[in-house]
Amino acid sequence: VLSMILMVIIRYISRVLVWILTILVILGSLGGTGVLWWLYAKQRISANAVETQIAKDNLQALLIYAISATVFTVILLLIMLIMRKRVALTIALFHVAGKVFIHLPLLVFQPFWTFFVLIFFWTYWITVLLFLGTTGSPVPNEEGFVEFRMVGPLKYMWWYHVVGLIWISEFILACQQMTVAGAVVTYYFTREKRNLPFTPILASVNRLVCYHLGTVAKGSFIITLVKIPRMILMYIHSQLKGKENACARCMLKACICCLWCLEKCLTYLNQNAYTATAINSTNFCTSAKDAFVILVENALRVAAINTVGDFMLFLGKVLIVCSTGLAGIMLLNYQRDYTVWVLPLIIVCLFAFLVAHCFLSIYEMVVDVLFLCFAIDTKYNDGSPGKEFYMDKVLM
């Protein structure tokens, strides 16, 4: 309930919240820089009175810190100056995203359907895994127990099963992204919102099933190709923990980190490719290329949305977790039979964070889809007769 309320509130407080955070960051950096220079001046007077090596080292360290803080503050102010219009775009996108949820309230329930489908698939996967574990020939071992030993190609079947787990799980998540993208694209490119289809989400699901399952399967398979090597390297790292030398450990961690970054970049590109597919009905490769070109052309806007927007949503998750934790403390206060509150509160806060993450990730997805629609709208339309904008007046 808190997640749903917050998604509506963000629409109205986004402008105030972003500028308050921006002002606090600027004041904090200016104040920190001023304090460091004041400490340096004070330390310099003291160092002139007591000329010791320690005092000189402290003075030099303070000078380095003050210069670094000054450079950081100047860079930060320049970035704020350059990005001010992009920040305004982020605020407008959050405002329009709130309108999307008012017109398409069923978008809020997308995490539920995805969760139920994933639970159903994981239950099926575990059931098949148990069958696979007992398909071999029963052979008694030295301890007197019975083992099921698989021979031939059958013993490699669990590799196929693990790949299927990762691929189909990513496929289900990609179907959610495609459904949300299709519904939001329909909303954006409908000039008269009163003329929206009766069920844009069901219409999006219908287009997905009829035309775009191959696109979703290809995008999720690409993520699987990156995720499996990373999981293998993580398994090798855990098995060799404490046995490998420093160089091998560093290389393993670097490879895992690079694959993780590549996976996140591809996930973001895939999401935008699904949006381009929903707009143009092109195949996955063409859509990914078009989305990549649009993102590169709007790199500063993308940076503003991914920094300011993600930070706002992170604060929203923190707010929900803190509110839930406070409510838990107040409820446990009346349960005198419980002497230890830590474990129940940790469980409550963990579930609150997971629920908030699921709901606010839909909000983030809607913002990303709206941005790509906005970028395509501004690229092909200029507001002249015959090329009118589709965007909301707030975005104009």
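Cβ coordinates are placed from backbone N, Cα and C, and glycine is handled just like the others.
A TrEMBL annotation is a machine prediction, not a hand-curated record.
Here TrEMBL flags 12-39 (among others) as transmembrane segment.
Per TrEMBL, transmembrane segment is recorded for 59-80 (among others). Counting residues 6+ beyond its ends, the transmembrane segment (59-80) has Cβ neighbours under 8 Å at 22, 25-26, 29-30, 32-33, 36-37, 39-40, 43-44, 47 in the same chain.
Look at TrEMBL and you will find 87-106 (among others) tagged as transmembrane segment.
Taken from TrEMBL, the feature transmembrane segment applies to 112-132 (among others).
Here TrEMBL flags 158-189 (among others) as transmembrane segment. Residues of the same chain lying 6 or more positions beyond the ends of the transmembrane segment (158-189) and with a Cβ under 8 Å from any Cβ of it are 100, 103-104, 107, 110-111, 113-114, 117-118, 121-122, 125, 128-129, 132, 196-197, 200-201, 203-205, 207-208, 212, 215-217, 219-221, 223-224, 227-228, 231, 270-271, 274-275, 277-279, 362, 365-366, 369-370, 373-374, 377, 390-391.
Taken from TrEMBL, the feature transmembrane segment covers 311-332 (among others).
Annotated transmembrane segment per TrEMBL: 338-360 (among others), in sequence order.
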